[in-house]
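Record features, source TrEMBL:
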{"type": "DOMAIN", "residues": "1-394", "note": "domain 'Major facilitator superfamily (MFS) profile'"}
{"type": "TRANSMEM", "residues": "12-34", "note": "transmembrane segment"}
{"type": "TRANSMEM", "residues": "46-65", "note": "transmembrane segment"}
{"type": "TRANSMEM", "residues": "71-89", "note": "transmembrane segment"}
{"type": "TRANSMEM", "residues": "101-123", "note": "transmembrane segment"}
{"type": "TRANSMEM", "residues": "135-155", "note": "transmembrane segment"}
{"type": "TRANSMEM", "residues": "205-229", "note": "transmembrane segment"}
{"type": "TRANSMEM", "residues": "241-261", "note": "transmembrane segment"}
{"type": "TRANSMEM", "residues": "268-290", "note": "transmembrane segment"}
{"type": "TRANSMEM", "residues": "296-319", "note": "transmembrane segment"}
{"type": "TRANSMEM", "residues": "331-351", "note": "transmembrane segment"}
{"type": "TRANSMEM", "residues": "363-387", "note": "transmembrane segment"}
Amino acid sequence: MQTALSLSDKEYAAALSIFFSLYCLLEVPSNLILKKIGAKRWIPSIVVAWGIVMLLTGFSNNFAALLSWRLLLGAAECGLFPGITYYLTILYPRRSIQLRVGLFFSAATIAGAFGGLLAFGLAKVEAGKYEGWSFIFFVEGALTIVVGVLAYFLLFDGIEKAPFLTESEKVYMSDCVHFDGNDIPMNDEFAWKFVWAGLKDWKTLFTLICYVTTITPLYSTALTLPSILSNSLKYNTIDSNLYTVPVYTVASVTVVIFAYFSDHLGICFPFICLGTLLSGIGWGLSLNYAQTHPKIAYGAQFISAAGSYAAFPSVVASLTQTIGGKTKRSVCIAIIVGFGGLAGTISSNIFPKKQAPYYHHAHYINIGMNAVAFLSALSFAGLLYLANKRMGRMVDSGEAARLTKEEIADMGDESPYFKYRY
């Protein structure tokens, strides 16, 4: 595409980066709309709009057109990931959420593998003035529209609307989510004080740091893996797409394994640390061996991708373990996914063609990001441990008993009866 549209390195990076401008700004409004009108209508609308824009991107014939469609794609796609994440939190209690987030994210990872196969199959297609890259957008956009239409008939607005549950099952599941380990349910009504609470919560900042530093190496893989394979490892452009498939397949399996054991053991931050450690090792091996042992460097892509992709759902799920109340949680998810999306602008700009074929600076940046993510997760877990101790002292001293039920419900995750899971 870069060659076909005669794009310079700066123009190509700008086209990648501009996606994240509206993507970041519209996350919070999107989640508030989702909470207002429900998932059944909002999520399919997002998917259909996203598919339409993707399909139309295939008609781009210059830099300005590509830039416009990328901007609109960010606006259309912005609500999907935070929306699905929030949707899962209203269906499952904290002890069961990470496996569901992991399964959802593993599907996105598998889509990376499928996208590589699709790109490999369509890369040689030509019809009239349209080349293979255009048909990738045409086909993927059309498939996305179909999925969006189907989603309207498959999704439902909360446990109470689930057609396959009996009334007793609905009551049981609603209580599991509503109480979620507390004796008094949290206030899940919309109020601006809960929006403000999410904006100023220290846990939002810590999660954002973990999110950005974890997802930057992930975006580096997602946005540039074919380029890394073709430039550093000397595969041709078409074969590079094919060689991404095993990398994403291994990553998707690792995501599910990490998510399962995280829920089973009731912990998430150790898996963030393990994933970022693996990712850092992978980028380090790639840095050291790309020039002399390309096969080892290719193997390193498996390690870095598996680590980043497996750690990421743990970061997202940590929100559900540390933030309580539907409104506050929906705002925090949107803030973190939205501003965390700025990591995409970092990844889009650290692989300039002039640093090809080995991209040393990009490797150093991703190694550094993993190191910061590792240390941030450790620090965050330590602070949550101390917070649990503090709230335990409130209960033991009788201070918590002086609070009314309404006060405890409004406190959400600040309630002395809310226990952080880390």
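Yeah, the Cβs are placed from backbone N, Cα and C, and that goes for glycine too.
Just so you know, TrEMBL annotations are computer predictions that nobody has curated.
Listed by sequence, the residues of this chain that lie at least six past the ends of the transmembrane segment (363-387) yet keep a Cβ under 8 A from its Cβ atoms are 203, 206-207, 209-210, 212-214, 216-217, 220, 269-270, 272-273, 276-277, 279-280, 283-284, 286-287, 304, 307-308, 311, 318, 322, 346, 350, 420, 422.
Between the transmembrane segment (268-290) and the transmembrane segment (71-89), the number of CB pairs under 8 angstroms, six or more residues apart, is fewer than three, so the stretches are not in contact. Looking only at the domain 'Major facilitator superfamily (MFS) profile' (1-394), the predicted model's pLDDT averages out at 86.
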